[in-house]
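As given in TrEMBL:
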DOMAIN    A:184-490  domain 'NADH:quinone oxidoreductase/Mrp antiporter transmembrane'
TRANSMEM  A:32-53  transmembrane segment
TRANSMEM  A:65-87  transmembrane segment
TRANSMEM  A:167-184  transmembrane segment
TRANSMEM  A:190-208  transmembrane segment
TRANSMEM  A:220-244  transmembrane segment
TRANSMEM  A:275-300  transmembrane segment
TRANSMEM  A:345-364  transmembrane segment
TRANSMEM  A:371-392  transmembrane segment
TRANSMEM  A:398-419  transmembrane segment
TRANSMEM  A:440-460  transmembrane segment
TRANSMEM  A:480-504  transmembrane segment
TRANSMEM  A:516-538  transmembrane segment
Amino acid sequence: MSATAVHSLWTRAGEVTTAAPGDKFTAPTIEYAQLAPVLIVVGVAVLGILVEAFVPRRARYTTQVFLTVVALAAAFAAVVGLAAGGYAGEKAQIAAMGAVAVDGPTLFLQGTILLVSMVSVFTFAERRLDPAAHGNRVDSFAAQAGAVPGSDSEKAAVKAGFTTTEVFPLVLFSVAGMLVFPAANDLLTLFIALEVFSLPLYLLCAVARRKRLMSQEAAVKYFLLGAFSSAFLLFGIALLYGYAGTVSYAGIANVVDGTVQEIDPALASTMGNDALLLIGAAMILMGLLFKVGAVPFHMWTPDVYQGAPTPVTGFMAAATKVAAFGALLRLLYVVLPGLTWDLRPVMWGVAIVTMLGGAIVAITQTDIKRLLAYSSIAHAGFILAGVIAASPEGVSSVLFYLGVYSFVTVGAFAVVTLVRDAGGEATHLSKWAGLGRRSPLTAAVFAVFLLSFAGIPLTSGFSGKFAVFKAAADGGAGGLVVVGVISSAIAAFFYLRVIVLMFFSEPKADGPTVAVPSPLTMTTIAVGVAVTLVLGLAPQYFLDLASQAGVFVR
Amino acid sequence: MSFPLLTATAALPAIGAIVTAAVPAAQRTAAKWLALFFSLGTLVLAGIVFVRFEPGGDRYQLTESHAWIADFGVRYELGVDGIGVALLALTALLIPFVILAGWHDADPLETKSSRWRPTQGFFALILMVEAMVILSFEATDVFLFYILFEAMLIPMYFLIGGFGDRAHAGTDENAAAQRSYAAVKFLLYNLAGGLIMLAAVIGLYVVAGSFSLSEIAEARANGSLEMASSTERWLFLGFFFAFAVKAPLWPLHTWLPNAMGEATTPVAVLITAVVDKVGTFAMLRFCLQLFPEASKWATPVILVLALISIIYGALLAVGQRDIKRLIAYASISHFGFIVLGIFAMTSQGQSGATLYMVNHGLSTAALMLVAGFLITRRGSRLIADYGGVQKVAPVLAGTFLIGGLATLSLPGLAPFVSEFLVLVGAFSAYPVVGVIATLGIVLAALYVLVLYQRTMTGPVGEKIGGMPDLRVRELAVALPLIAVLIFLGVFPKPLTEVVNPAVQHTMQDVQKKDPQPEVEAAK
């Protein structure tokens with residue numbers, strides 16, 4: 001059983017006690033079928049830890065990769081099954097005693113997260129890029145995370161051919177948290193899910209095989225700032241509890257609406273106090289905006305994106321954003337619709353500075369991973385424009401954009417892992433000069449991703465941007481559309497700069513080479529390109545899917 | 001269901017692009033021939049469209065309509081009016097010459113890498129641009145048009161940035177830097193224009209609830225779609241800005257001399273003779289049809305900008321030292337005439353503007369491509385490096401002269417008809433504007449003839465002696481273009497017949513009647 005459901009037990013139990021004082025304890029009912037995607041992932045993650053303990057080192061890599069892929073595929077099948085069973089529409093319901101909502105947005109986002117995680121796991125498992133160390137094929141992760149960089153113990157670990165296969169269960173735990181995050185239907189579940197997916201990510205950031213100090217620094221920064229934002233979130237939850245006397249989304253929404261008149265005697269002095277509501281909501285929003293990387297809560301993004309092992313960066317950039325925006329959507333649409341007008345100026349401001357800030361700062365970047373980090377900030381701004389639309393159309397456009405964006409991101413970071421020189425990945429932009437001459441195909445694929453990021457028509461990025469801007473314009477946020485369009489023009493500049501470098505500059509003599517990957521990374525990149533082109537040319541099916549999934553259950 | 005002729009016209013070059021790109025690195029010549037055949041096939045299809053089009057028939061003919069992205073209210077809708085047919089024919093006609101003229105422009109300097117295939121890429125990109133331009137002339141769905149309008153920037157960008165002019169003065173590295181500067185400038189200007197248009201496209205959808213040109217125009221005509229005049233003006237400005245960048249209209253023109261100067265001559269022709277026409281075409285089709293009131297509201301300002309373009313472009317052309325930049329500024333002047341004709345809001349003006357688009361394409365192609373042959377021979381773009389060419393290469397000089405005379409609208413050559421119509425149209429509506437615009441013609445004579453005089457006459461210049469005359473391939477480019485210029489100059493009827501009914505429709509959209517000439521009215 002996941003930690004989430006356990007928590008929901010005592011929140012619910014409390015309510016039951018007040019309702020019927022005679023009953024000591026009501027056994028919880030858990031809808032196992034509806035929670036199957038989460039349960040499968042958590043179950044296999046636990047299994048993965050047992051594998052670490054009992055399976056011989058030699059067989060661990062194969063076992064872990066196999067288990068992880070199977071778990072993600074099975075969970076995805078479960079999501080598809082639930083959606084086909086009508087849970088995305090008329091059968092949408094609150095499960096696990098009010099802790100988790102199983103509805104259209106939940107299933108759409110869970111499906112996206114699972115697919116994106118699956119293609120990212122392929123890049124985690126890639127072992128052909130780095131030159132073999134002492135005859136052992138190695139991946140992007142440190143031989144032994146605990147060994148001090150540069151020490152004898154590290155050398156010994158490398159020589160012994162150790163690999164950190166723990167990354168696979170860690171990814172699964174993280175995915176489990178991400179699956180719950182957008183589905184969370186009370187604030188405590190939200191918080192637990194946040195921690196469940198964040199803690200493994202902090203760890204994953206720290207275990208790069210190359211540039212280990214940078215990787216560890218990134219992890220510490222991420223952890224400290226993440227903890228900081230968690231604290232804000234938790235404080236916000238406490239304030240909202242004080243305001244509403246409950247942590248369940250529906251309960252808070254009722255108090256905000258004014259449909260609940262009776263005041264809990266224990267909370268008589270605070271309940272219904274608007275100051276608590278506003279401050280609490282703002283703090284929770286801060287926590288979520290931190291996770292999506294919106295300005296001014298974006299400070300961690302460039303450092304962490306740059307320092308983390310590139311497969312982890314890709315996974316984090318794609319899946320975290322999907323999960324966090326999912327949670328943000330649910331919070332704004334289910335809990336705080338009554339606050340739409342109060343929050344509007346703030347959200348407008350955040351969206352505008354995020355779009356412009358990301359795009360402008362990205363211009364000066366010289367490292368491809370940092371550049372993609374700032375680009376992800378700008379994209380967060382575009383998505384926020386759709387979030388603000390406050391209409392079913394806005395929800396579905398955001399869902400669609402998230403799907404589009406996550407695949408392009410994973411694909412782009414997968415290409416970054418291929419461009420290498422003696423020091424590992426060559427992420428400095430100057431080294432990418434003339435890549436189009438040396439490896440036309442790799443450069444062309446990366447150019448497709450960049451054009452999609454830039455939102456050029458006939459790529460998925462354009463469909464997504466158009467959907468979001470249209471929803472925003474429909475929702476009366478025409479000003480945001482204009483800012484979005486301007487920052488798209490600014491953003492186009494730095495995407496183009498990379499294309500210019502790759503195609504129009506002469507290759508340098510000591511430039512990097514493009515490693516030939518195994519079919520694993522190739523699959524990741526191929527999926528990214530396919531999604532980019534298909535959703536650019538014929539997005540109708542997925543738009544339908546997103547718009548059917550655009551209704552939250554309350 | 002009938003054969004989708006319009007789709008086929010655009011699909012053929014697109015398929016050609018893919019096929020050409022897939023040719024192995026060593027088979028360069030095969031790739032060139034393939035590209036040429038695909039472009040000729042497109043010309044045949046365009047010819048069929050031209051013949052099948054009935055000038056007196058429906059406004060949009062050969063229409064196709066399919067569901068595409070229902071969520072965005074977007075349909076794949078095609079149809080051509082007379083203006084579209086004329087420009088489609090122009091595009092299909094010019095591309096084979098562009099390919100032929102650029103036959104050797106993309107040969108790799110050294111064959112060191114077997115995977116780098118610039119030649120295949122060059123011709124594939126040209127065909128890709130052709131496909132997108134043709135489809136944009138056919139699109140009757142605003143969204144479809146917008147997509148093509150933006151997407152065609154990408155192949156153009158690679159054509160400008162990836163394939164520089166061999167004859168650039170200065171070191172190689174410097175040339176590459178200037179080239180990528182020109183390519184980025186081209187893309188940023190046009191992308192910025194396009195993104196502003198995107199905001200207007202979305203705004204249009206929010207207001208009208210549809211992207212279909214015919215639906216919106218009909219709803220506007222029968223009054224079921226009311227648009228506040230401020231909304232209409234903002235949307236108009238969003239659209240017009242993008243088209244004015246593309247066209248290019250002063251003061252948004254500065255990307256053109258860079259792009260045309262740095263690109264190889266066939267690509268420069270592609271930019272100014274083909275791709276830029278989408279901008280002026282879209283002013284006629286979208287600005288006037290969708291926003292008639294706002295178009296009339298903006299007319300005074302746009303006319304002034306057009307006049308500035310005409311005079312400023314011509315003055316700068318007179319002062320240029322670089323042949324290609326001279327032709328670029330001349331084009332800016334000519335685009336001023338086209339915009340002037342469109343916004344004079346008279347039927348002569350708009351017919352003239354449409355003919356002007358076609359004729360400017362032909363005359364610029366003739367002049368620029370022959371200039372390209374000249375530049376390749378001497379290895380310099382600077383006018384000062386030439387002199388006395390007509391003694392050494394008389395055929396080259398002769399074709400260059402005819403191209404130049406067409407550019408300055410000599411009677412008997414095609415551009416004269418259109419320039420005359422534009423000026424008549426402008427004069428009948430705004431006499432002062434017509435008078436000032438006429439100055440542009442005088443300046444055109446100046447820059448063309450001075451260019452000819454400095455390069456072709458006088459003592460034979462250094463490195464000019466022994467310059468070979470036009471070869472068969474080059475004659476195959478120059479002579480047919482000149483033949484068409486003379487034919488349309490003497491007998492413009494096939495073109496005017498197609499264009500005039502379409503212009504009448506547009507005039508109805510803006511609800512303008514031609515001002516009656518005063519002499520006739522007095523009778």
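Yeah, the Cβs are placed from backbone N, Cα and C, and that goes for glycine too.
All annotation found in TrEMBL is predicted automatically rather than curated by experts.
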Quiz item: Is the transmembrane segment (A:167-184) in contact with the transmembrane segment (A:480-504), using three or more Cβ pairs under 8 angstroms as the rule and ignoring pairs under 6 apart in sequence?
Solution: no
Quiz prompt | Among A:32-53, A:65-87, A:398-419, stretch most in contact with the transmembrane segment (A:371-392) (C-beta, under 8 angstroms) | solution = A:398-419
Quiz item: For the transmembrane segment (A:65-87), what are the same-chain contacts with Cβ under 8 Å, counting residues 6+ beyond its ends?
Solution: 33-34, 36-38, 40-41, 43-45, 47-48, 51, 93, 102-103, 107, 110-111, 114-115, 117-118, 121, 125, 168-169, 171-172, 175, 179
Practice problem: Take the transmembrane segment (A:32-53) and find every residue of the same chain, 6 or more past its ends, with a Cβ under 8 Å from one of its Cβ atoms. | Solution: 2, 4-5, 60, 63-64, 67-68, 70-72, 74-76, 78-79, 81-82, 87, 93, 95-96, 100, 102, 110, 114, 165-166, 168-169, 172-173, 175-176, 179-180, 183
Quiz prompt | Distant-in-sequence neighbours of the transmembrane segment (A:275-300), which means Cβ under 8 A and at least six residues beyond its ends | solution = 187, 194, 198, 221-222, 225-226, 229-230, 232-233, 235-240, 242-244, 256, 320-321, 323-325, 327-328, 331, 336, 339, 342-343, 346, 350-351, 353-354, 357-358, 376-377, 380-381, 383-384
